[in-house]
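See below for the structure under consideration.
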Amino acid sequence: MKSLIQEKWNEILEFLKIEYNVTEVSYKTWLLPLKVYDVKDNVIKLSVDDTKIGANSLDFIKNKYSQFLKTAIAEVINQDFEIEFVLLSQTKAEEKVQTQAPNKIKNESLSYLNPRYTFDTFVVGANNNLAHAASLAVAESPAEIYNPLFIYGGVGLGKTHLMHSIAHYILEQNPNSKVLYVTSEKFTNELIESIRNADTTPTEFREKYRNIDVLLIDDIQFIIGKERTQEEFFHTFNTLHESKKQIIISSDKPPKDILTLEERLRSRFEWGLTVDIQSPDYETRMAILKKKEELDCLTIDDEVMKYIASNIKSNIRELEGALTKIVALSRLKKKEVDVILAEEALKDLISPDNKKTVTLDLIIEVVSEHFTTSTSEIYSDNRSRNIAYPRQIAMYLCRKLTSLSLTDIGKMMGNRDHSTVLHGCNKVEKDIKKDPSFQNTIDVLIKKINPTP
């Protein structure tokens, strides 16, 4: 009987999906990971893969889908069964051997992957469609196209979600793949530890990072200024690339804007494809909230969703955090979620007019942060390229986004002559015409200075 039910399992799930109008996201999130573990005495034991769903979701699956599953099984098998659920991590030792990762690298990688960060739960919009398409292409054909894949964008916009999605997809398609996801901070810390224990660990460190199929390294900008880390990563990159292994990198800015990055690393980062993620527009923000509502099994009024999407515009993390805060306040006060409650929950996040006033100081703050300089250096007489170029970009943006005259901009930026400001603005305009991709840097900065609805 077990073999029959296993054979018919996909048919059972499809029947349930259609009969009870289960959405595609819920189907893939809660039902597809269920597997027939055992059948005995008219009881079917279904294993819940807690590496994908999470052990805390077991009660939800029981309450939501037990009766649906019993009905679907009876319809397809023509026999009544009771349903029990077991966590995959608690099943027999031999079952564990079959389902767990076959090597240390995979086990370690899985421990750092968020089970909810998959392509199925990633909301695609105009702000991220190229990054999503490139990530999926790399996941489907590692090291065949776009190597390396460089994903950049601001905090909380979905870079890490895409990287985890790539790792999950590759491991699902080929469980024997050696996939390693790390942050640049972890890479640096492990390098430091290997140097401290020079008798044993340098070889282990290199073996770990160079004997793999896919390397995903998050927030690469944090290796800036760390010469030894850049040196080690340079050789790691070369070894993997020459061996036709896939490399995926994320950062808060494109390679050409990481001014203190070694040129040899910058050029290698640009060998493949560079894609960006921008702040989501209103429609995408609504879709993100709807997806979170579904995944968290919530029921939220559309007016509340519209209120959040209209007022929280900066990034996905804050958007989802706002919804979580509203739901938490609702449970604490035992009140229904409505716009009045939402206003109370988000009063510290939303001012009556949350649109930023664009000032010269704000522009310089954003530009200096983007190019990893300080505001004092922008105002200073330092003429090195690492400082002068961001200064010229700040001048250009001040002219574009404020009503300040060239003379006023010059005075406020260290008593510079208006001709100096004009020269800086003209240089930036020429660079935009010469390198169209530079326009994207300007667009990113403008978004940071004053995000549009």
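Using the three backbone atoms N, Cα and C, a Cβ is placed for every residue, glycine included.
The local packing around Gly156 (ATP binding site), expressed as other Cβ atoms within 10 Å of its Cβ over all shown chains, amounts to 17. What Swiss-Prot records for Gly156, Gly158, Lys159, Thr160 is ATP binding site.
Per Swiss-Prot, the feature region 'Domain I, interacts with DnaA modulators' maps to 1-79.
What Swiss-Prot lists as region 'Domain II' is 79-111, and the listing cites sequence analysis.
For 112-330, the entry in Swiss-Prot reads region 'Domain III, AAA+ region', with the evidence type sequence analysis.
According to Swiss-Prot, the feature region 'Domain IV, binds dsDNA' maps to 331-453, an assignment based on sequence analysis. In the region 'Domain IV, binds dsDNA' (331-453), helix, strand and coil residues by DSSP number 81 helix, 0 strand, 42 coil.
Long-range Cβ neighbours of Lys159 (ATP binding site) (same chain, at least 6 residues apart, Cβ-Cβ under 8 Å): Ile151, Tyr152, Gly153, Asp218, Ser250, Ile277.
A simple way to gauge crowding: the CB of Gly158 (ATP binding site) has 26 other CB atoms within 10 angstroms, across all the protein chains here.
Same-chain residues at least 6 positions away in sequence with a Cβ under 8 Å from that of Thr160 (ATP binding site) are, in sequence order, Asn114, Tyr117, Asp218, Ser250. Lys159 (ATP binding site) falls within a helical segment according to DSSP. Over the region 'Domain III, AAA+ region' (112-330), the average per-residue pLDDT in this prediction is 89.
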